[in-house]
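Quick look at what TrEMBL lists:
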- 11-25: compositional bias 'Polar residues' (COMPBIAS)
- 104-302: domain 'ABC transmembrane type-1' (DOMAIN)
- 1-25: region 'Disordered' (REGION)
- 47-68: transmembrane segment (TRANSMEM)
- 103-129: transmembrane segment (TRANSMEM)
- 141-163: transmembrane segment (TRANSMEM)
- 179-201: transmembrane segment (TRANSMEM)
- 222-244: transmembrane segment (TRANSMEM)
- 281-302: transmembrane segment (TRANSMEM)
Amino acid sequence: MRNTIVERSAQRITESGSNSAESKTQKSSPRFFQFARWFRRTGWRHCVAVVACCFAGFPILYILSASLNQQGTLMSANNLFSHVAIDNYIQLFHLPEQPYGDWYINTIVIGLSTAISSVVVGALAAYAFSRLRFAGRRVGLLALILLQMFPQILSIVAIYLLLTNIGYIVPALGIDSQLALICVYLGGALGTNTYLMYGFFNTVPKEIDEAAKIDGAGHARIFFTIILPLVTPILAVIALLSFIGTVSEYAVASTVLVAPQKQTLAVGLYAFVSQQFSQNWGLFSAGAVLAAVPVVIFFLFLQRYIVSGLTAGSVK
């Protein structure tokens, strides 16, 4: 009798345990399927974003660590932020043979001048190709595209010879002239900028121009008061790309600019690591970090124009 009672109680315990286990699996399985569904739809994107952020953020952390390292070698900067000091940043502005302050000002002046000139000249050319009908229009667009297919490095010798000969007549446009470098940058980027603006100008309805012409407006008034406010996003993009390309360009700037006081940051910073027995990667890293500040500020200034223009265009 007692054995049967014990067997029944044991059977009840096992049945209750199995029921509880089944209920737990039933509760956990929907969560697993929900996680799998979330990962299949959007979760993998978060994983890719995390990997991309790590891939892009590590060089920034490394260059910051190297700029705060007093030893000035790459091997000593392997341990991130093992040495923290601002001596490299202070020393940058106290080197008579390497005037970092002059490089900084030259880079900002040349970058802003190139960006503004690229926007103005490119917008005028794009408006002409988009709104006017003249002989050679298609050939001109095709020529602009074909010229951009050749790398800029191929034209360095031609640029040097051209500026040397022009310098005999107009010294302000010769070798070692910042104005000459701005003209070279403007001519090199004019094709791409014009074609990008041309495509954006075509999205603006021509009925707006026709309505303005009925009211008595000319091409100049239509361009400056009607078209330009509508194409602000592409103008901001062109200005940003021109500024970034000018700040980070080395080959042409090192060919045109000779005097250290007239050089840009990209050319001047190379002097810290170009010498065989006196390389200082700490100063180079500190200069590179400070060189990124104008680009970030310029991007933040133009970001609101780009975002507002894109959202306004989507609403239209």
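Along the chain as shown, residues are numbered 1 onward.
Quick reminder: no glycine exception, Cβ is built from N, Cα and C everywhere.
TrEMBL: automatically predicted annotations, no manual curation.
Fair warning: this is a prediction, and the values are worked out from it, not measured in the lab.
Count of Cβ pairs under 8 Å against the transmembrane segment (281-302): among 47-68, 103-129, 141-163, 222-244, the largest is for 47-68. Sequence-distant contacts of the transmembrane segment (222-244), counting only residues of its own chain at least 6 positions beyond either end whose CB sits under 8 Å from a CB of the stretch, comprise 111-112, 114-116, 118-119, 122-124, 127, 185, 189, 193, 196-197, 200-201, 204, 208-209, 212-213, 294-295, 298-299, 302, 305-306, 309-310, 313.
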